[in-house]
Ligand SMILES: Nc1ncnc2c1ncn2[C@@H]1O[C@H](COP(=O)(O)OP(=O)(O)OP(=O)(O)O)[C@@H](O)[C@H]1O
């Protein structure tokens, strides 16, 4: 078909050409009817116009069906769109198949240099709106929002590939290639489910216009995972093992609460929470991509853990190649460092000088004082200074004297707090004397810098994963980047997995999430057996949630996936434990488990170092988690639990667990011992729940 045909009349253009439409009694302008009264003439004219419009609509539909015929021939389902949209909307079809969902319409896209006319703008806007409505409808079943694409086709053309907002404009002869280039994303069962749903919905009347834009906030305090319309059972459309797709299953198919959380529109900062393995990181990735598509400007996806961004970056590139460049994935310290560098603010981080500053301060203030007791080690006071004091950005002793110290069980009296404050000041002097800053200073400097000279356009939105690990100052920094803008700040996390003792509440950082919280409750990672053992560690325990309340963990739906029982070995001594650990890794390798799917996690650095040494001695390839760049290297992952946050492995071995940490009720513990034990057990809980299939714990 010639290029010029793209401007042929269609349903949006009332053309008065003299055409006789078969099956109608209405003729064109040379109607030989005898002269009649004016009213009858007007009536005839309007009936003629309607008939021509109907004809033109039918022709446009036919043309559209010709455009998608090659897809039909390749096994994609073509579903006619429901009537609706704007009066001038072109007919559209939804193509559902292995390559995802495409809402397709033809366009009068300009051929020459005329630019985009208002008519084309309206066509594309209308198509984007149809795709948006389809996305909303299919999200109820769990289809990931990014899977619905809007395709405007220039009839008779080849080699056209333009993007106008969310709409991709392609030539007719490019359609098949463009669609199939997306690879195999949906299983046959999923595609058929979507087709049936769309076919059923085309039969029902439109729910009225639903243009993209601000949507009303829900009245409920917490949005439950139950979608507004009962979805098809997730299990019914989840990919079966025999129907492999080219992408990770979660990239295209979400559970309904996840899909809701990704698309939810909020008039201010919002929160997404859920127990371990409920897909929070998955949702964070989807939401970052979703916001990048919906907005002008960059989106920041950030987290506290330095190692997690390296894992997230390649996932995002696969999930959303179309917007991967618009999403910056960076740890919060990386963001702070960048801000300072851009503004020429000096900030020198030097680990050995930082340690020297601490050691000197401890010698000057801590050693021999009331805080130098048997109950607390220096790590406790270091955490108190860096997380509790500096993490909040406290500047005066009076602030610290009154602080509730949420999450720290051991109460400190006034004189003790005074000593801790003196220690903090001595440490600060020590850093200054050496011309260095620690990581808490780095974030505080960047936060102060941005507060003094804001940069409102830097990011269109910020999505924070593992928010429970951030400090108050880090949250202020991130909040400062986007403020309370609609959908500006999305906080994702689980207070039960807190492994740093800052204990902050969102209001300390000036953040109010109001009723804008979504709770995820389908566990997607571990077997029921792994989860059951891990859950005993936190059952009945409370933790200070970022909403300022004391919480027990979020519940999740029963886990159906079954696997072997976790192994708990009681070893005679350390030598015995190491030998068994190495042997178990070797057994997994012999059983065909890839080395990269085995993780050895430790609670202490010494435990991780020892495991690395012994595994290497046995000839096994090892990569330290803190040095891992997220690539798919064939080596056992070894590291501290802190570095395993957000990660998962098929098999997890715990290298340095003390038997008493697993003991349910030791009794008679004072506050300090109780706090330490709770902290340990929370870390163990995080470590164990990194395992998808196998868990091995050895105690001495
Ligand atoms: N919709 C889904 N379909 C299939 N798998 C999913 C889905 N959502 C999540 N998963 C899988 O579940 C596992 C856990 O997901 P994710 O890491 O996002 O959970 P999380 O809540 O962030 O976990 P944690 O808090 O324990 O770190 C991953 O293997 C992920 O691929």
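Heads up, the Cβ atoms here are built off N, Cα and C, so glycines get one too.
Pulled from TrEMBL:
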type     : residues                               : note
BINDING  : 274, 275, 276, 277, 278, 279, 280, 281 : ATP binding site
COMPBIAS : 30-40                                  : compositional bias 'Low complexity'
DOMAIN   : 253-527                                : domain 'UvrD-like helicase ATP-binding'
REGION   : 1-42                                   : region 'Disordered'
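Listed in sequence order, 494, 496, 521, 523, 553, 554, 555, 556 are the same-chain residues at least 6 apart in sequence whose CB falls under 8 Å from the CB of residue 275 (ATP binding site). Sequence-distant neighbours of residue 277 (ATP binding site) (same chain, 6+ residues apart, CB-CB distance under 8 A): 523, 524, 525, 526, 531, 556, 648, 689. Cβ atoms within 8 Å of the centroid of the Cβ atoms of 274, 275, 276, 277, 278, 279, 280, 281 (the ATP site) belong to the same-chain residues 494, 520, 523, 524, 525, 556, site residues excluded. Taking the Cβ of residue 281 (ATP binding site) as reference, residues of its chain lying under 8 Å away and at least six apart in sequence are, in sequence order, 312, 465, 492, 646. The Cβ of residue 278 (ATP binding site) has 26 neighbouring Cβ atoms from other residues within 10 Å, across all protein chains displayed. Under the three-state DSSP scheme, residue 279 (ATP binding site) falls in the coil class. Counting neighbouring Cβ atoms within 10 Å of each of the binding-site residues (274, 279), the lowest count belongs to 279. Other Cβ atoms within 10 Å of the Cβ of residue 276 (ATP binding site) number 24 in total over all chains.
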